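Accompanying notes for the structure given below.
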Amino acid sequence: MELLSRVLLWKLLLLQSSAVLSSGPSGTAAASSSLVSESVVSLAAGTQAVLRCQSPRMVWTQDRLHDRQRVVHWDLSGGPGSQRRRLVDMYSAGEQRVYEPRDRDRLLLSPSAFHDGNFSLLIRAVDRGDEGVYTCNLHHHYCHLDESLAVRLEVTEDPLLSRAYWDGEKEVLVVAHGAPALMTCINRAHVWTDRHLEEAQQVVHWDRQLPGVSHDRADRLLDLYASGERRAYGPPFLRDRVSVNTNAFARGDFSLRIDELERADEGIYSCHLHHHYCGLHERRVFHLQVTEPAFEPPARASPGNGSGHSSAPSPDPTLTRGHSIINVIVPEDHTHFFQQLGYVLATLLLFILLLITVVLATRYRHSGGCKTSDKKAGKSKGKDVNMVEFAVATRDQAPYRTEDIQLDYKNNILKERAELAHSPLPAKDVDLDKEFRKEYCK
């Protein structure tokens, strides 16, 4: 019995050396990029071209713990309808953890699994309860990788029936009851064994291939590194018009933008994504075609516009005027109405003030002339009244003056007064213009 167990163990070790879990591209396969997509883009000249190149696996998430966020776990499912349960798991920077108490010291994983790539599960003594499909699951959270391998375990009572074979989908292992069983899971890719360093692991570059030029002679346009470094190549007329987002590695969007397309920009553009640590090498190809910009044909020149046959016809404004649309915006509230009403009232008030000013100025001018006339008339009137009073006074004093005539005149003044008393009153001068002005001013 012991001899058969040793023979079975040696067979399992031989199977371990031959059964290797397939992984991502490595070695020479990693050097070549896999073509992900190829499309034709046709745009008009003068527009902006956007060549989409996106990949969530290229998002820069620096692993500060240097454990690469890797984990391996083994699961067991008893049959098609049974529920899968977790048996054991182990992180690259931690210890292995067994979930069921009965499986402790029975299920073993190699402590150096993340160094030598051997993630096989050893069961020391199998029993009937261990039958089922075992799944080896590898998860790389940093590189967004998930890989799995299934092994089916069958338990037999006859040690001579112990064997291992391939059923077309997975490995089948037949083990005698109480004998050890080794479920093989090997993956020696550097992404799981940490054989490569992290520096310069992410790089993106854009190439431009002119029509008729082979792929290996394409011109480099841009180089983008996860560290933030950027390098621009290509002809000057194109270098100033191409750009990629500054946060490309934070969003995983490396789309190329070309401003103001020209006919000389036609060609084959390729986006190359390389994540050397995670083994990502992808290529996306775009066939860019630049067409003539769409424009309206010029209208005929009218006969009376004076244009000759050699000059280009000018567009007729009446042709497009019939198809124009005039948008009239009517305010929904009464603010606009009150605003216009305020303008009208303010204008009317200014006009009234101006009219009042003119009337007052005219009245003031006329009142000044009337006062001047009144002053002159007053002086003349005063003189007339004095003369009348003086004449009346002289009449009253006539008897006395008659007596004085007989007397001897003392001086010339008395003589003149006497002559005036005996002489008739002078005619009163009447100024009709002054009288008319007095009546008008009243």
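Note: Cβ is positioned from N, Cα and C throughout, glycine not excepted.
According to DSSP, Cys136 (disulfide bond) sits within a strand segment. Annotation source Swiss-Prot lists disulfide bond at Cys53-Cys136 (among others).
Counting only residues at least six positions away in the same chain, the Cβ atoms of Leu51, Cys53, Val204, Trp206, Phe254, Leu256, Arg283, Arg284, Phe286 sit under 8 Å from the Cβ of Cys271 (disulfide bond). According to Swiss-Prot, the disulfide bond annotation covers Cys185-Cys271 (among others), on the basis of sequence analysis.
The feature domain 'Ig-like V-type 1' is assigned by Swiss-Prot to 25-156.
Annotated signal peptide per Swiss-Prot: 1-19, in sequence order, evidence recorded as sequence analysis.
Same-chain residues lying 6+ beyond the ends of the transmembrane segment (341-361) with a Cβ under 8 Å from its Cβ atoms: none. Summarising the annotation, Swiss-Prot assigns transmembrane segment to 341-361.
Summarising the environment of Cys136 (disulfide bond), the number of other Cβ atoms within 10 Å of its Cβ, over all protein chains shown, is 22. The disulfide-bonded residues under consideration are Cys53, Cys185. Their Cβ neighbour counts within 10 Å are lowest for Cys53.
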